[in-house]
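Engineer: Just lifted these from Swiss-Prot, have a look:
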DOMAIN    2-119  domain 'Response regulatory'
MOD_RES   Asp53  4-aspartylphosphate
DOMAIN    141-336  domain 'CheB-type methylesterase'
ACT_SITE  Ser158  active site
ACT_SITE  His185  active site
ACT_SITE  Asp278  active site
Amino acid sequence: MNIGIVNDLPLAVEALRRVIALRADHRVLWVATDGDEAVDFCVAHPPDVVLMDLVMPKVDGVAATRRIMARAPCAILIVTASVSANTSSVYEAMGAGALDAVDTPTLALGLSTDASPQALLAKIDQIGRLLESRTTALVPPGPAPTRGQPTLVAIGASAGGPTALTALLRALPADFPAAIVIVQHVDQAFAYGMAEWLDGYTRLPVRVARQGSVPEAGAVLLAATNDHLMLSPRGVLGYTRHPAETPYRPSIDVFFNSVADGWQGDALGVLLTGMGRDGALGLKAMRAKGCYTIAQDQATSAVYGMPKAAAAIGAASAILPLDQIAPQLIARIALTSRD
């Protein structure tokens with residue numbers, strides 16, 4: 001993979017170079033010392049992935065991510081001194097289009113095979129699989145849907161998701177009568193913090209989905225592990241390692257397919273901004289079962305990958321700008337409740 005480094009600290013750049021050199025198939029394409037340079041380099045010499053620091057002079061990592069995604073979209077991995085100390089900026093960068101985040105390896109660890117360089121390499125490998133993926137979704141068997149459970153809104157998001165989710169959730173009323181379950185492509189290390197972060201922007205309670213959780217009307221559950229979230233035929237949430245070959249964990253396709261075959265009430269599917277194709281086939285499975293499905297439009301998507309794939313295969317009942325998705329959900333659920 002051709003990799004661009006954006007970091008103003010020489011020691012950090014050297015540490016990243018040494019970690020990248022551990023893999024023969026990776027090479028450093030260029031190094032930028034601030035966000036402005038990074039944007040110019042991405043336009044002139046597009047990399048496969050950018051390793052983006054957060055704190056830099058002139059233009060910081062969040063602003064640089066936003067500008068790159070507007071001018072020369074590519075995969076961006078936030079690599080910063082301490083992810084845990086910069087969670088707000090990390091979520092903001094992910095909302096702008098970054099795919100994931102990891103701590104910067106130290107120079108000493110960069111010479112070894114300790115966890116720090118391996119964590120970075122694992123993230124790069126994961127992004128590589130996503131870029132190469134032509135994922136096919138597996139539809140688990142389940143009984144024919146019947147009535148008896150509340151309306152469920154199943155939402156999938158990836159790059160740009162945190163900002164899109166914030167906008168969608170804050171537009172829903174406190175008495176929203178449906179259950180909401182979200183699968184956002186995010187490492188489990190950030191899931192609890194993201195649930196708390198989203199909880200601060202909505203009138204609905206946002207919690208992580210645990211093994212055995214049950215979707216409830218007026219509440220939001222967020223997938224919280226690196227395994228796949230699924231609904232059982234009894235409407236109970238759980239996690240599974242299978243299928244193992246999916247490029248992103250948790251997989252939106254796996255969850256949407258389980259909703260299509262396992263949820264016994266009415267359901268709506270929403271596929272938001274994101275890179276790749278995850279969620280498109282699952283959304284189509286939901287639509288085939290009679291669910292109303294929505295894909296975010298190109299103009300309001302930070303990364304028009306997943307919703308584009310859904311639109312291309314006819315998976316979406318409607319393709320909407322972000323600010324129209326919440327009103328449409330409210331209207332559709334009101335219509336369903338009158339039936």
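Keep in mind that glycine also has a Cβ here, set from the backbone N, Cα and C atoms.
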Engineer: Compare the Cα of His185 (active site) against each of the recorded positions Asp53, Ser158, Asp278 and report the nearest.
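Structural biologist: Looking at Cα distances from His185 (active site), the smallest one goes to Ser158.
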Engineer: Please report the distance from the Cα of Asp278 (active site) to the Cα of Ser158 (active site), rounded to the nearest angstrom.
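Structural biologist: Given the Cα positions, Asp278 (active site) is 9 Å from Ser158 (active site).
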Engineer: Can you check which residue among the recorded positions Asp53, Asp278 has the largest number of Cβ atoms within 10 Å of its own?
Structural biologist: Asp278
Engineer: Could you tell me the mean pLDDT the prediction assigns to the domain 'Response regulatory' (2-119)?
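Structural biologist: A mean pLDDT of 88 is what the model gives the domain 'Response regulatory' (2-119).
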Engineer: Determine the Cβ neighbour count for His185 (active site): the number of other Cβ atoms within 10 Å of its Cβ.
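Structural biologist: Excluding its own Cβ, His185 (active site) sees 27 Cβ atoms within 10 Å.
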Engineer: In whole Å, note down how far the CA of the residue listed as '4-aspartylphosphate' lies from the CA of Ser158 (active site).
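Structural biologist: Taking the Cα atoms only, Ser158 (active site) lies 20 Å from the residue listed as '4-aspartylphosphate'.
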Engineer: What number of additional C-beta atoms lies within 10 angstroms of the C-beta atom of Ser158 (active site)?
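Structural biologist: If we count other Cβ atoms within 10 Å of Ser158 (active site), we arrive at 29.
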Engineer: DSSP helix, strand and coil counts for the domain 'Response regulatory' (2-119)?
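Structural biologist: Across the domain 'Response regulatory' (2-119), the residues distribute as 54 helix, 25 strand, 39 coil.
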